Amino acid sequence: SLVPLDPISRLTLNRGSPEEEYPDLKRNRTVMASVLTLSMYKRQYNRATDSGVIFDDATGPAAVGCLAGDAQSYILFCSFFDRVIEAHQGYNMSGSQESDFNYDNLKREALLHDRSSCVYVLISTRFQGGDDFDSAYTQGCEVRSILGDAVTMETATDPRMKTGVARDWPDSRAAWVSKDGNLVVWVNVDDHLQLVSARTDSNIRKAFESVCVHLKKLEALYRKLRHSFIWKQHLGWVVSSPADVGTGLRASVWLKLCHLPLHKRLGNILERLRLHMDTADCSGVYRVSNAQTIGFTEVELLQLLVDGVKLLTVMERALEQPDGSIDHLVPAQK
């Protein structure tokens, strides 16, 4: 009887020894560099997934420094990816992930309406369909065709189209923009699908609702055509970047802040709220977003952001007062 070949043996690769191929990480400040030792690299070196993904020195998002070539990579190379996720997101991979896209489960109806502090909001979520992440021409056309049947939008262009991300544009890569401009659906750019909803009226609930409604339509159609989104119990929704696994959800709120960014306890406060804050292009405007994407449902992450932004706004107003203090407002760990 014939014995199936290991996937790595089916590949024709001009590679040296693990010691020769091991990347120089001395100046690399990513999570990947802190996790990837020569010993680990040797253990993974001769492995390949069924679709031919090998353990290689691939680049990724600046913070994590790596990407998964397909869904099986998270399983075959779990000793590496699990440690990257744990280090970057502060999450124990022994847990179990859950999902909740029911926007009615948000606790507070009003949410964010303070225009004096809040500039606008943006919500993004990513998905992969099928175990192979590769956006090859044939597969990309299929994904794009399915999306075209599910939503009615206007095709858009962007400066990014001039880079490598736009190859096969628009046959297998595309972006749809809703007529009101509040929703964009990217196809085969970083992931198979990325839904982005932005609003200038600070109504984060409406932004989330827009993502949820269109996502459910897409999921139903993809499932009918046997192209279900990839879900792993310990990972949640599987996407290409370890920085986004779990929910794939990134929600951001832009705030006008003057005093709080200068406070000595800001870092500790953000850590307790499980939020991340960085500067925007405008002076005095800061982007506040969820620090992790795993360990909570989509609704829970959004609620953490909403509650956190409200508290940051209260703290900012307290600091506007003479001899203002926020010590009594500092929360316990979320």
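Residue numbers in this text run from 1 along the chain shown.
Any Cβ shown, glycine's included, is placed from N, Cα and C.
In the predicted model, the domain 'Phosphagen kinase N-terminal' (14-90) shows an average pLDDT of 89. Among the features that TrEMBL reports, domain 'Phosphagen kinase N-terminal' is placed at 14-90.
Here TrEMBL flags 164-319 as domain 'Phosphagen kinase C-terminal'.
Every protein chain considered, the tally of other Cβ atoms within 10 Å of the Cβ of ARG250 (ATP binding site) stands at 19. If you look up TrEMBL, you'll see ARG250, ALA251, SER252, VAL253, TRP254, ASP278, THR279, ALA280, ASP281, CYS282, SER283 marked as ATP binding site.
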Least surrounded among the binding-site residues, given as SER252, THR279, when other CB atoms within 10 Å are counted: THR279
Helix-strand-coil residue split for the domain 'Phosphagen kinase N-terminal' (14-90), DSSP-based: 32 helix, 3 strand, 42 coil
